Every structure is written in structure tokens, then in C-alpha cells.
Amino acid sequence: MMIDNNCGKEKVWVPNPEKGWINGDLIKEIPGEGWLVRDENGKEIKIEKDELRMQNPVIQEGIDDMTSLSHLHEAAVIHNLIKRYEINSIYTYTGSILIAINPYTKLPIYSKEMIESFCDQPVSKLAPHVYSIAESAYREMLNFQKNQSILVSGESGAGKTETTKFLLQYFAAMGEKGNGVNTSLISEEDIVEGNNIETQVIKSTPILEAFGNSKTLRNDNSSRFGKFIEIHFDKIKGTIVGAKLETYLLEKSRIVKPPENERGYHIFYQLIKGFNNSCCLKNSSNNNKDEDSSSSSNNNIDDLKSLLKCKASDFNYLISSGCDSIDGVDDSQVFIKTENALKVMGLSNDELIGIYKILLSILHIGNIEFEKGKEEDSSIIKYGNSSFGESFSDDDAGGYNPLEISCKLLGCSVDSLKSTFCSRKMKAGNESYTINHTVEQASQARDSLSMFLYSRLFDWLVVRINQSIDKIGTEKKDNSFLFIGILDIYGFESFESNSYEQFTINYANEKLQNQFNHQIFKLEQLEYEKEKIDWSYIEFSDNQECIDLIEKKPLGILSILDEESQFPKSTPSTLCTKLYNNHSKSKNFEKPRFSQTHFIIDHYAGKVEYDTNLFLEKNKDFIISEQVSALESSNWKFLTNLFQILSKKMNGGGGTSGGGGAGGNKASSSAAGKSTFKFTSVSSQFKESLNSLMTTINSTNPHYIRCIKPNTEKRANLFDNVMVLHQLRCSGVIEQLRISRSGYPSRLVYDNFIKRYKLIVAKDFKNDDDSNESKEWNSILKETDLNSSNGGTNNQIELKRKGAELMINKLSIDISSVQFGLTKLFFKSGIIANLELLRSQTMINSATFIQKIWRGYTDRKAYTSTKHSSIYFQSLIRSYLQQLEYNSMVEENSAIHLQSLIRTNELEKQFNQLLSTTIHFQSLLRRLEDSKEFNTLMDRIKKIVKIQSLWRSNLAKKQLKLLKAEAKSLTNVVAEKNKLASKLGDIQSKLDMESQLAQKIKNENEQLSSQFSNIQIEKEKLQKDFGNINLEKEELLLKYSALESEYHQYKQQNELIISKLKQHINDLEEKQHQHSYKNNEVVGNTSFEGSTTTNNGVTSPPKSSPASPIRNSINSNSDTTISGSSDDSIDNTDSLILSPKQHKGEDRKRNHEISSISPPRSRETIGHDDDDNNVDVIPRRQFNELEKEYKELKQMDETHKQYIESLKLQITQLEEKVKKSSSHPRSLLPGIPSNINDSPKVVYTKSSITNDNSSSHHQQQQQQHNISPSNSITSTTSPINMMDSNIKSLSYKDFTNSQEIDAQQQLHQYHLNNGTNPATSTTNGSGNPLSQSSPTGSDKHIQQSTISDLVSALNFNNCQLESGKYLVDLIIKNHDSIVSKYVPSEMGGIPEPAFILSRCFLKNIYDVDATVIGTPNSTNSGGGSGTGVLDPIETNVNILIYFCDKVEEVIYRDPKSNCSALCYWFSNFYTLFNIMETYNQDTKDQLSLNDQDKALIEKLKITLQTMIVKAHKNVVKNITDYIQPILHKSLNDTTSEIDFMDPITNYLNQIQISLSLENCYINNNLCKLLFEQLFSFINAMIFNEILLRKDLCCLRSSIPIKMNISELEHWVKLHHGKEWSSSVCDKLRLLKEVVYILMIDKTQLQNDELRDEICPTLSIAQLKQLLTMYSPDVDSFEDPIPLEILTSLMDSPKYNPDENILLDLSKIFTLKFINSNQTLSSSTSSENDLMATINLNALESVQYACDDLVSNIVKKNIEIVSLNNQKSIKK
């Protein structure tokens, strides 16, 4: 298959003078002349074959690397840039060059998310960007430990400065990463600029622009110097350690002779117009008010006040060019920015004044004029009638004298400086003589001084900037750091009139281009060598000849120029003549036809014609030693210091490169001894500076950025083709394309080549299926399909290479146009385009063939259908005709049959009529005969009837007679009947009366039964009330008995305590007199050997009679008397009553059922109730007895109520007496407060007494004896134990161990743990899970220290602060063993540190009664020697804040802390905060705090909030540090498919376990929030990667990503409910939309409705970026995204060009607090969702074993007490 490069009608590019290139169609070939082409305007043009420019295939439209274009030429390049610029893709690669087109608008592609996306990514994976070049330079610097350089070039206004800023921004972010900062999770406000070197470099930009930029014909802010910024990095970490700025090639001639219609440097114009607003003037006015202000400073200001009234037209240097302003620029406002930048760099007011004075002196020096002197060839200074300085002439009586003003400003002698202008000294041997200057030479000496001053000032500013940004010093450059240099230099220039400036600029660009060509050749060579292809015959162009033409000695242009500059009588003509004579034969040098002062140089970017009229003047840079001496002898300290600083820098090799930044002059006063007049040409300085720059660049690995200016109007979306094409030529881009085109610019890996173009040769192999070649091809295809990646083993690559060779042979491609590398195919320019045409044509042919087959199939199917329809239609017609014939025959037969029927009918009618007539006649005859016979018979019958009637009448008369005789005998019978009826009525009335009576009796019986039932119910109710009354009465009696018994016991114990206290105090006083140091032993012996005897706290109540316990108890209670009249009998009795507030938790915790005891039934008065329903009428006697018994019960109830009221009254009186007399005995105890409220209290609560029918009297006695359940003690300790808190200076352990109460505690806990009824056993409700015993309530058991003991231990001796901190240290010290340790509770697991701290300290803040108050004999809480009472709130707050600080110091700063540990401490702070919030809510109406206490509590709350945020950040950092590398590795691994699901879900399982409610007390909503944030982070990371990477933005990558997303969603649904799965999975919606878009037809997105339905979350800007980056798969038949779709998206009203298309990772993990009354919340949850529910009662009821902590705290307290006693004894 032979490829014809021009097969078919192809699209070509036609040159156009206005647009550069336009579209054209190739019509036909004209033999011997070329090709005939028709352009887009319809004009036909003949183009030679060599000039033909073919268009590239559609798939390469808007490609991001133009070296991949099949046809490499200017037209293709400019078209590609236009297409990319239309969609705001301003960056494009051309090989290793990055082309950056200035968009003249702000684009959202420079965010920190974009920086994060480019970090650690290869250039080939991401779209072109300035960050990509920066990343490449940064990674190569660290990986190869070699310095890098980035060369940024372009015209003025092309964006070089902005590009430099973006490079510095990226390097700063990399420096932050080197310090371990995750830049993706920190906002821009969080980045600290303390060591932000790049920010300081950027801030120096206004200074350099003011002193080094000027207005030119093509740019209002053209940089007239080059700068090289070195960013210094640490070799290992990659952090920024410093920076350095070097300047090159300052255009000094612009100071004295700006070109026509251009300006000098901006600073002159800014100073004149903006000095009125200078900060120096404001500061001077303030200094005048200060008596100590120096007079010299005021004199300096006075010298500058002349600036207030001058203008640019007053100075020769500023007005000579005819331009002194810029349209749209206010120089006065720019001056303020410049001055602020100088202040930022650290310049003082005196230094600012010094700068202004030098600038003003330069302007006045420029106003010095000369005239001829009296002697020949002499000159003198012209005084009076000056052409300049009109604003100054009025002030001076003698007229304006610029020389005098200049000398005054510089502090120099007028005579010494004057002589340097008009004459010079020459030495000949030992003699010296003076030579006068001509007027022209005097002007040159004047200008030389001005340029010298300005260049030195510029160099000094650079030195000062370096002092500000160079943190480590240049002396360590070779050893301690690496650097990346950024070169910002003006690009190639070519105007209608080109002078000396353009010559030097183009010379510099020629050198840079030469270095660039060698670098490109080197890169190409490395690529070819890597792939091992034959490249020896490839020729690369070189511009060395042009460089030799300019700089080669002795006959180079620069050498001839310097030679001519030293001859006084040289002219431009003589200069050009020498050039013509020496270089006329050079191919890079031409002589113009019509000019003798011009010459042409053929540069790499094209030919440039130079005008030499000002070459000689601008090349001269005389340095007169007398001028230097005059300046150095100045009495102005600033000027002399300036020269000294520069001299040190130059002698030390620092500063600008070779001093060439502003001229490189090293002359000083020492030069006066050798030569009084030294000539140094600008060109030689320029050459030296350039060579130094090239040496620096050559020592680095260079990278290139070419900035392009799209139009001169500085408008967005305006592209000037011709202007851009010119810049491409000047920037070397076209040259680079030419170099690439000379080699093999098109490259494809074997796998991609086979996949994309296999369909072209598929037909050839298919035609010969049996050949070995076809079999080999099929095996290659299988291997290619199995290995989708570009890599593989060597055998696989070799197999693919064979496949590529087979394809090349089948395609008949010239073997000289192809090179087979190790992994790639290399093609000459145009081959890929032809392959694309063939592929397109093959696809078209295949589509045509498929259409042909399909159309044949459809037509054949239609024909068959038509044929079948026709046959069927014919059959229908035939059937219809046959049916018609059949119907006709049927009708004929029917007619014949009908006729026969009609005839038959007529004959039948006739026969029937005759028959009926005959029959009728016969009937008439027969009737006549019968009538006669009937009449005869009737006459006979009448006669018979008459005879019979006569006979019957005779018989009736006889019977009547007999009846009349019988009637007379029936009258008597009737009378008897009437009598019987009367008797029957009487009997019936009697029966009715008896029935009514029976009914009445029955009704009365029913009423009595109803009354009996009601009375029975009332009886049962009264019996129940009677039982309750008896129970209450008995409980009151038991309570009174217990109170009385406890009083006597307590009185005995108090007496025992007082005696021991007195004995102990006596011992202490005796030992203090002896100056003994054994107080610790005394305290210890007292603590642990004190009163240990325990009396039963409650006596048994009186035993009741077994016959009738209820009535006996009532009788006994009625006979009981209540004593208590004396004060002794009621002393301290109220100490036995426990306050409800102290045991609020126990009362709420235990709700015992109260079972009533019913009295025995009276069997005498009440019959068998079960038989009542069987009795019809209740006997009256039983009813009366029942009514009587009811009255008795009612009366008994009233009696019991009165008795109970009397008992209550007596108990109340007893309690009042106890309260009145409670203070007397306690005041006798030394060291114990007399306030009885501080003592411990005990209360006995009512509990149930169960009395079943099966219970025995022995059980009742045992219940009463054990006090429980009838008298449950809710206190956890005995009164003696509680009193220990008031005698802290003596001991820690209780004076007595209440064995009775401890046994009850254990027994109650036993029943709680075993699920038995606590009402039938003993309990005290302490809730201690460790104090368990058998139900028998044994007194012997082992007691363990609980949290209550720990609280008491902490309060020991009022050393709470010091012992509390010691407790915190113990917790933190054992943090490894304490991690994942939780205290079980009914709310869930509570972290142990949070539980201990909340019970020991946090509770004390909100519990005033439990707060420890210092006693007069106690020390302060810290164990120090303070006196007075210390605020307990402050003590507890300080301990908790100390805990926060220790955790942050030990845990959070430990790099070894894993996620589980961090989650554990996160749960601690979260739990503490929620407990504190619950306390705030519960006690806000009860506590009355002063302002100081409120401030302390608020401080603690803020500290906890801060720690929660820090804990959250640490957890997030640990999570992201694990997940982020996994995602990066999965997305970047080319050897396998994307798979990040397994490692992430495994890690999520760990997080879920660490934060689950089963393990720690973390609110479920907080866990949900964390997972939502985590999934948002995954969504944002992958989304940002897809949006910027071509290898991910394709169909092939979208499938595995979708699978991983589905797996993640499945994991969430599997481990959490619907609420979690819906909200958490919703965080991946943006990623799911992107994946879906990658899979569908992209043309659907043009429709607004479909687009909103497909991707409702995705913004238009993000969608446009996604489609811009999308590239079809190599073997896909899909076309690239049409640019029309992208432009339509950009035209949408919803499109926001300033939108940040990437998701901000720093705003995902947010956790904030709403206000003081609300809890944690975030951007994704409501205000109260994150608040955990805390049950304070449940929390306080939990007892936890802490023996070790108690033991350690006790030991610590003993040490503190001992130390304090020693201190007190010493005092």
C-alpha cells in the first residue's frame, strides 16, 4: 500500500500578508510548476512544491506539544496556538520550550490546588503550565544534585515578570513541603511569610522597574536590563534557604540620550512628580519637632526642596527625547509604590534622601553646558542664559548654576569637578601635562560622570536587595545549597530603525539562542541514544558564525567598534567602511544598497538593518579618574559609603556578575596613579557581562519559557497572527521546530502505533489467513490486547516491534523515514499525517462498506416484504371473486327452492279450506241430533227431583219435634257453667298477685346482691389502705429507732475522735518543742492506725408478735414514747441525714417497688366469698355484719392517720432541736470548721418491704436487722469516712471502716450484676463494680480503691494542685498502656483519662459543696507556703489546662503516634468538652460565680475547643498522609490498572473501629462528619487529578475509577445505615459525574437541558476544562472534542472565566465552634448534631478501680506533707 503524500483533495495553508496564513484547498498538480491551490476567499494561487504547507489532521487540532504535529511549519504552529488561545489555553509546549501567551486577563490556574496537582508529576502527564517547568527544574535539582536555570524571555509586555512571580510562587510551595507542610490542607492565610524569600523578591520588583525600565516605542514599561534571580535550596530537604539577585546589561546610554519619542528611566519622572508625597518630607516635619534631630538630615531635606517646584522640561536629559509622560500612568502614584518598596527592603530615610540627591545631581549635571574657550580646541562652562532650569533661575541672584547645585548635592568641590569637564591630565614618563577638552569632549566627560553615578547607584540598590534576601551569604555557595536561577531578559528586537541598543540586545539573544540550539541538539541526541537509533547523519543548524561575526577578535564588529570609538575623528561612515571591508564576504553580513551608514546582519530570527549614527557615542563610556577621585573625596558620608560597599563587593567577586550589571566599571582613585583618562567601551562591558551570564547558565541545566505578546492593545481574546509569528521567530521557537523537523519529530510507542493503525492493514492480513505472517500478526494482536500498558517485558516489546515492522512493510513506508527504537517508532515529518489520512480513509471506506451491506440488507428485506405482500394481495382478490361466484349460485338455488315452497303452500291452503267446510257441515248435523236427545233427558230428570223434595220435607218435620223436647233440659247446665267461670276468675287473680310478689322479691334479691358486691370492693380497698398505713407507720417507727441508735453511736465515735485529736495535737506540740523531723511518721501512724472500730449504725426495731404482726406493731407503736427533750439526746443528730443534692444520682438510679402488707382476713365476719353468686337472697344478718365491719375499718383508718401525724410532728421537732444544737460539740474539734454543712451526711430512704403469704417472720426480722431494704443507706461511706475530708492534715484513710455499710454495698451490687431483686437483699446503691460479695452480706471482704478514694487522695492536705498535676503526669507517662482503655458505663465506653479528670477535677468546678476549702493550718493547693484560702475553681482549671498542654507536648508532637492513638486522645478531649457543656447547662441557674471564676471557666472551655481542633487536625493529617500517597501511587502507576479501593477500605475499617461507639464515647454524627470529609477529600483529589491529566481524562481510565468508586460506596452501605450511605456517598457525586461524562457521547453536552441533567453539580468552567483535557483512546474510533463545543461552553452565561476549576482541599476538613452556648459544628452538619448526650448521674455512679493511682498519689502527698513540715520547722 503506497502512501501518496498528496493523495486526494487535501487542506493546505496559503500565505497571506494580513493574517499570515489562511486556509486553502489543493486542486491539482501543475507539472514542472507546482500546485494549484484555492484559498478561502476563492482565489486560485500557484505554489511551488517546496513551499506547500499541508494542514495537520483534525485529531492534532489544538495539540499541547507542537513537536508532535505531523507537519511542522509556521502555519501549523500559529494555527495551533490560535485554537488553544481561543479556549484560554495559554501554555503550549514546543519540545522542551514552554510558550506562554499573555491572556491580558486573570485566569484561575495559579491556585495552591494547582500547585499541589503538579507536585511530583512528570511533564508528559499534565497540561502545559509554568508550574510544570518549575516542577521539572525542582525535581532535577534534587534528584541529580545539579543547579538549574529557567530562561524567561520575550518582548516587553509579554508577561515575563508575571511568569517569574509564578515560578517563585511554586518554589515557595515546594519549600513549604520540604518543611513537612501539607500545602493542600492549609489555606493561603495560614502560610506564614516569616522566611518567604520569594515574596521579598517580588516586592523588589517596583524598585527594579523604576530604576531599570523605561518607555519605548513598543512598550510603556520596557525592561532595559536583564536580571538573574537565584533561589537557594537546601540540598537534602529542598527548602528555600535564601536568594540572590544579579543584573546584567543595563542600558546606560538611555540615561543621557534616550531615543526619540522614548523616555529615560522611570525614576527620574517619578521623583519629579511624586516627591511632594514622599515620606521623607513627612518624617522631616516630625523630626523638626524633636530637639535631638540632626542638622544634617534637615540640610539634606533643604537640598531636595528644589524638587518641589521643578518639572521634567527643566532638565536636558529628560526633554531631549521629546517624551516625558506615559498615557494612563500617574508617575506620582507609582513613585509612592516605589518608595514603599524601598522601605520594605530596609532602606532608612537618610538612604532614601541620598538616592534622591544622587538622582537630582545627575539631572543637574545634564544641564551643564559648554562653549568654546579662548584657546584653540578648548572649552569652558557656560554660565547664565542656560537653556534649561527655568524653574531655578528665579531663586538664584546670580542665575541658575547647575554645576554648583550638583556639587552641593554631592558634597564635592566645585573647582575639582569643574576641571574634570574642561581638561584632562596626561602622563608621559615622569611628566604630566594638561590637555584641554573640546566642547564635544567636555559633553562626553559630563555624560560619562552621569552614567557612572547612575550605574553605581543601580549596583548599590542591587546589593541592598541582596542583603535583604540572601540569608546564608554567597561565600557558602559551592557547598551548602543548590540553586535554581530565573533569567528575565529582553527578547530579540527588530524595528524599522535599529540602533546600538537593538544591536547589543540581539547580540545577547544570539548567544542565548546558540546555547539553546546546543541544548536542544543535546536533548535530541540523548533521546536518540536512549532509543539506540541511527542519528549520525542528522544535521542541526548552528548560529556560531553570526556570533563570531560580532565578537571574534581582532576583526569582529565589537572590536572594530571599540577601535573606532577611541579615535576622536571617527564617524559612522568610517565605522561602516571598516565593517564593509572586513566582512563583505561573510554570509551573515550584508551591505545595504542605498546607505553608507547602515549594515545588515542575518540573525537566527531574520535579517536586521542597523543604523550606526549613534553607535560611537553610545559605545563610549569614559571613566575619568579625576572625577572618581572628586566623588570619593566628598564630605557626604552616604556617597563615600556607597563607593566603599561597591568596592568591597567587586573585590570579593560578589555583586553583579563581573560588575557588569550596570557597566562593570572597577575604576577607583587608585587608577589615578597610572592613567588619568581611562576608556572602557560599553560593548566590552556588555560582552564581559554576557560571557559571565553564559558561564553561569552553562553550568546549570537550562529550561526555557518564551513569553508571547498576542496584541499591542493589551486586550483579552485578541490574537494578532503576524505579530505572534514574528515573536515566534525571534524567540527561537521556529528555529527549534526546524531542528526537530530535521530529525524525527513524530514518535509513537509500539503499542500505541499498533493499536491505532492496525485497522489500516487488517484487510491485508485477513486476505491471507493461512500464511505464517498472518499467524504471527494475530499472535501480536492478542499480546497487544492483553498488555494495555506501554511497558512490558523485553520479549513483549520485541514482539510488538515485529508487529510494527510488519505494518510498515504492509504500508510501504519508505524505510529511510522511519527509525525503530527500543520502545518507540520515530517518523519523519508528515508520516503521521499520512497515516492519519489513511486511517481516516480506511474508516470511511469501512463505514461505506458497512453502509452498503446494511442498505443491501434493508432493501432486500423491503423487497421480500413487498413480494410477500403482493402475493397475499392477489390471493385475497381471487378469493373475493370466487366468493362472488359462489354467492350467485347460492342465490339461484335459493330462488328455485323458494318457488317450490310457495306452490306447495297454495295447494295446502285450498285443501285445508275444503276439509274445514266438510267437517263444519258434519258437526252441524250431529249437534242437531244431540240437542233432541238432551231435551228428552232433562224433562225426565225434573220429574225425579220433585218427588225427592217432597219426601225430604216430611222427614224434617219429624225431626223438629224431637229437638224442641230436648231444649227444655239444657237450661240447668248453663247455670252451673256460669258458676264455674266465676270461680275460675278468682283463682286467676290470686295467681297474678302471687306472681307480682315473686317478681318483687326477686328484684330485692338482686339489689342486695349488688350492694353486697360494692361493700366487698370497698372492704378490699380499705384493707389495702389499712396495710399501707401500717407499713408507713412501721417505717416511721423504724426510722426513728435508727436515728436514735445512730445518734448514740455517733456520739461515742465523736468522743473517740476528739480524744485521739487531742492526743495527736499534744504529741505534735511536744515534738515541735524537741525540733524533731518525724512528723511524717506521726501522720502516717495516725492515718492508718486510727479508730478502726465500727459500731453497727442501726439497731434492730422491736419484734412483732407472730400471731398478728400488724396489730401488734400498731399497739406497740401506740405505746412508744419519743424522747429528745434534752440537748444531749439530740446532739449532732442531723449529721445522719444525707443531703439530697449529694446523693441525687443514687435516688434517681434506684427506684425500688413498694409492696404493701395486707392484714389477715376476718373469717368470722366474712363468709365464703366464692359462694356468693350461688345464693339468690343474702341473709340480712350477714349484710348487717358486713356493714358494721366496714364502719370499724373506717374508724380504725382515721385513728391511724392521726397517730402518723403525731409521729411526723415529733420527728420534725426532734430534727429542729438537732439543728439548733449541732454546732456545740464540733466547735470543740481543733482544725475542723464549725459549719455543720461541711460534714458528711447520711439519709435513710424509704424502700419496699415484701410480705408474701409464704414469707416467714424470721425473714422479716432479718430484713429489719440488715436495715435493707426498709432502711437503705444511699451514702457510699459512713459518717466517719466523710468526716475525713475535714481532717486532711492528719491522714488519708478513714478513721473507721464501716463494715456493715460496705457489706450492704457489695450485696446490692451483687444483686444488680446477677439480675436479682434488690428489694429482697441488702444494698447501698454505690454502683461500685468491684465491691461484690455473696448475698449473705458477710462482713469480711477485700476493699479496692475506687475513683472516690482517688478524689479523697487528691484532696489530702489541700495539695490538690500539685497532686493533680502529678496525676496528669502519671496518665501521660503511661499513655502507651492507657491507649484504647475505656471505662464501661451505660452510655458506652468512656476514655479513662477523660473519666478520671472529669470525676476528680471537672466535677469540682461545678459542685460548690464538694469544693475543698483551705483551712488556716493548711498550705496552698500547690503544696507551697502560701497562706489564706485558694480558689478551688482556679486550682481545677489549672490542672485541666496542664493536662491539655502535656498531651500536646507528649502525644501530638510525637511522630510515632498512629491513627488509633490520635483518635483515642481526640475522644478524650471531645468527651471532656461535652461533659463540661452538660455541667454548664445543668448548673447555669444554680451557680453564682464571680467574674474571675467565669473567666477561668471560659478559658478552660476555649482550651478544650483548641485541643479538639488540634486533635482533629492531627487525625486528619494522619489520615491524609496515608490516603494521599495511595491515591497518587494508584493514579500514577502505569504498569497496572487503577486500584485504590482495597488499601483505603482497610484503612477506613481501622478508623471506624477507633472511633466507633463501642470503643470510645464519640458521637455518631462526629464520626459521620469525619467520614464525609474523608470522602470529600478523595473526591477532590481524584477530581483535580482527572481535570489536569491527559492520561486520566479518557475512557480507558474512567472504567477502573468507576469500579473503585462503586466499591467504596458498597463498603459504606455495608458498614453503615442508609443515612450514612446516602450522605457519605453523596460526597463523591462530582467524581461520578466526571466519570459518566467520560463514558458518554460528548456532543450531548451542547444541549443545556441535557447538560443540566447529566452533570448538575459540575460547573461550566470545570466541564470546559474536562473536555479540553479529554483525549480519545489510541485505538478508539471516537473523534476529538470539537472546538465548537468548547467555544459554546465559553459563550454560556453560566461560564465564569475567573472560577477556580480545582476543588480546595484546605476547606474540606473543617471543625469549628458556633458560640459559647452551642457545641461543635461544621460546614456539613447542623449546630447540635455533634453534641453528645451525657448522663451526669450515670457518670457519677460509675466506680472504677484505680489502686495504682491512689497509691502513687498517697505517696506523693506524704512527700509533700513531709517537705512542708520540714520547711515550717526550719522557719
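Backbone N, Cα and C define each Cβ position, glycine as well.
Over in Swiss-Prot, the protein carries these features:
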- G154, E155, S156, G157, A158, G159, K160, T161: ATP binding site (BINDING)
- 1180-1224: coiled coil (COILED)
- 1077-1111: compositional bias 'Polar residues' (COMPBIAS)
- 1112-1139: compositional bias 'Low complexity' (COMPBIAS)
- 1253-1281: compositional bias 'Low complexity' (COMPBIAS)
- 7-57: domain 'Myosin N-terminal SH3-like' (DOMAIN)
- 61-840: domain 'Myosin motor' (DOMAIN)
- 843-872: domain 'IQ 1' (DOMAIN)
- 866-895: domain 'IQ 2' (DOMAIN)
- 940-969: domain 'IQ 3' (DOMAIN)
- 1427-1695: domain 'Dilute' (DOMAIN)
- 690-712: region 'Actin-binding' (REGION)
- 1070-1176: region 'Disordered' (REGION)
- 1218-1282: region 'Disordered' (REGION)
- 1312-1343: region 'Disordered' (REGION)
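Under the DSSP three-state reduction, G154 (ATP binding site) is assigned to strand. Counting other Cβ atoms within 10 Å of each Cβ, the binding-site residues G154, G157, G159 show the lowest value at G157. Counting only residues at least six positions away in the same chain, the Cβ atoms of T205, E209, S223, D488 sit under 8 Å from the Cβ of T161 (ATP binding site). Mapped onto three states, the DSSP output places G159 (ATP binding site) in coil. For the ATP site, the Cβ centre of G154, E155, S156, G157, A158, G159, K160, T161 serves as reference, and the other residues of the chain with Cβ at most 8 Å from it are N102, N219, G491, C707, K709. For E155 (ATP binding site), the Cβ neighbour count at a 10 Å cut-off comes to 24, with all displayed protein chains included. Mean pLDDT for the domain 'Dilute' (1427-1695) in the predicted structure: 80.
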